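Annotated features, as they stand in Swiss-Prot:
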BINDING   CYS112, CYS115, CYS202  [4Fe-4S] cluster binding site
MOTIF     37-42  motif 'PP-loop motif'
Amino acid sequence: MPIVEDRLFRKIKKLTGKAIGDFNLIEEGDRIAVAVSGGKDSWTLLHILDSLRRRAPIRYELIAVNVDPGFPGYRTDIMEAHLREYGFANRMERTDCATIIKEKLRPGSSFCAFCARLRRGVLYSVATELGCNKLALGHHLDDFVETLLLNQFYVGTLAAMSPKLLADNGQHTVIRPMVYVEESDVAAFAEANGLPAIPCGCPEETRSDQNRQRMKRLVSQLAEDIPHLRSSLIGALGNVQPRHLLDASLKDFGTAAAD
């Protein structure tokens, strides 16, 4: 069925377009691999980018790329059917990540982090093979905010995600066009359009990333009393004032007049 182009659709599309403009995420001639996992975030990103592409003043291509990690029960057939229905160019990459994780994961290491690194490596390889210069990921505003808090609480760094950065391999630019879109809007869009929610089959899914879940609950609780909390936190990432921080690499503390 066609995507419902209602008020919510227009809101997400406008915010995504704003991020693309603010951070120069998409340029003329880009060939973009859109990572599609089968979750609400990646489906929403794919459909919104496609809608923007149809009316954009520049030309760019989208290719949906899925990395099947090899967990039992991961229904890639449902995903393929959805991609065919909407005419998306796609690449379904089947891997043996599940076996590699089982054999190589060190005691005490994060299952989710190791799996993510493996899948990201596959995405880069597939993007190279497809001639894509950019990789689009479905992280939304809440992901940025939660990562900001995680780094402060557990790592001791003032950092979140970047909406645009050069990948470690030096060949691809990673973009996150939904940086301004709240998770609640993504969830509502996915539900309104019946986008298929496809569990990855991960055996650790119920125990995955408890710290992030803790941050998610914290933000939700605080937002009950501070409705603009999320927008304030995402705004803070673009309003850094080094003179009020403690990082000596950003400020010279050697003079008596340091302020």
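From the backbone N, Cα and C atoms, a Cβ is placed for every residue, glycine too.
Averaged across the motif 'PP-loop motif' (37-42), pLDDT in this predicted model comes to 95. Neighbour counts of Cβ atoms within 10 Å were taken for the binding-site residues CYS112, CYS115, CYS202; the minimum is at CYS112. Shown for the motif 'PP-loop motif' (37-42): DSSP residue counts in helix, strand and coil, namely 3 helix, 0 strand, 3 coil.
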